[in-house]
Structure formats: structure tokens, C-alpha cells
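Worksheet: the structure to be examined is printed underneath.
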Amino acid sequence: MSIIPVTRVQRTTLIAILSAISFGLMLFPQVPIIPSADFLKLDFSIVPVVIGLYWLNYSASLWVILIRTLLKLILANEGVNTYLGLPVNLLVVLAFITVLKITMPNLEQYSNWQKKILPLISSTFVMTIVAIVINWFVAIPLYARFANFDIAKFIGLKNYFIGMVLPFNLIEGIIWFVVSMIILRAIQPLQRRFHS
């Protein structure tokens, strides 16, 4: 059941808690899933964002994304990698969440996994396209200029996109979706208590 808290205090408190958890999950665990691209790491910071999406609403999930991104920038800044990688991550997460909200506006009507196939495929596909486009036009040129890491020269664009970016984001999107749905199901009792 989609839940909107009855008070502003509840809403603000939950957004703060989810943002803090999401920030923590940006730092640990970080899992490389493509052997040839260990610099591309999966994290689970999306899960609290999805909780905010379905416990509260879309705008709440955007607040969680914004706050955890600012926390990362302020408290765990790694220099150039953060300045260049964080915007890419932000846009990919926004794409995933937006498509998820459009294709699966509430959980009540998508109670079984068969009904979740379209949202899974759609959100994963769109976030992958966004990741490819942002990497191509923004991240790669900026990394070459500011981090002295020319991907086209050291890895090759074909190898980078087909062998790294494409499979990484497809796997990441599937894992994000499946883990988020499992967690949402597991914490349903907390959801009811939060609303009571």
C-alpha cells in the first residue's frame, strides 16, 4: 500500500533517515561486477530512494537523491572522481526512478513478479541509454581533460561501451530493481507501523 504520512514531521523525518541510509550505501558496499572494469562499482543507495518513492511519493524520492548526493559531495569527496562521477550517477538514478514511477505508479497493482517485468525492463533500459549518452558526450571528454584519463586512448570506445558500460548498467538496473522489491516486501510491517 502506498503511504503518505499524516504529518509534515513524519515526512521530513523519513526523508532524512532514507537520505542518511542512502548516503551510507553509496560508500559501502561497493561491488565491481565487470572484471575488466573494476572502477565501475555497484552500490545499493537506490534502495532507500525507491522506499521513499513508494512510501511517500515521487518528490520525496527526489529529495532523498538530492540530499544523499550533497552528503557525498561534502563528507566523502574524492576530488575529480566525485565531481565527474556524481553527476552521471545522479542522472542515471533519476532516469531509473522516473521510469519506475511511470511504469509502476503503485505497488498494489503489481503484486506478482510477472506484472513487474515491464517496469524492470523499462527502467533498466532507459537508465542504460542515459548512462551511455552521458558517458559519450560528457563524462569521457571531462575525464580526458581534468583527470588525464583518455578512455578512447587507453581502453577504446567500443570496448568501453560494449564491454563495460552496457553490461554494467543492465546488470545494475536488474539488481537495483530486484533488491528494492525484496526490501519493500520485507519491510511492509514497518510501513504499516509508520502510518499508524
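Using N, Cα and C of the backbone, Cβ positions are placed for all residues, glycine too.
Copied over from Swiss-Prot, here are the features:
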- 14-34: transmembrane segment (TRANSMEM)
- 46-66: transmembrane segment (TRANSMEM)
- 80-100: transmembrane segment (TRANSMEM)
- 120-140: transmembrane segment (TRANSMEM)
- 164-184: transmembrane segment (TRANSMEM)
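Listed as Cβ neighbours of the transmembrane segment (46-66) (distance under 8 Å, sequence separation of 6 or more from its ends, same chain) are residues 2-5, 11, 14-15, 18-19, 21-22, 25, 90, 93-94, 96-98, 100-101, 106-107, 176, 179-180, 183-184, 187, 191, 194. In this chain, the transmembrane segment (14-34) lies apart from the transmembrane segment (120-140): fewer than three C-beta pairs between them fall below 8 angstroms, excluding pairs fewer than 6 positions apart.
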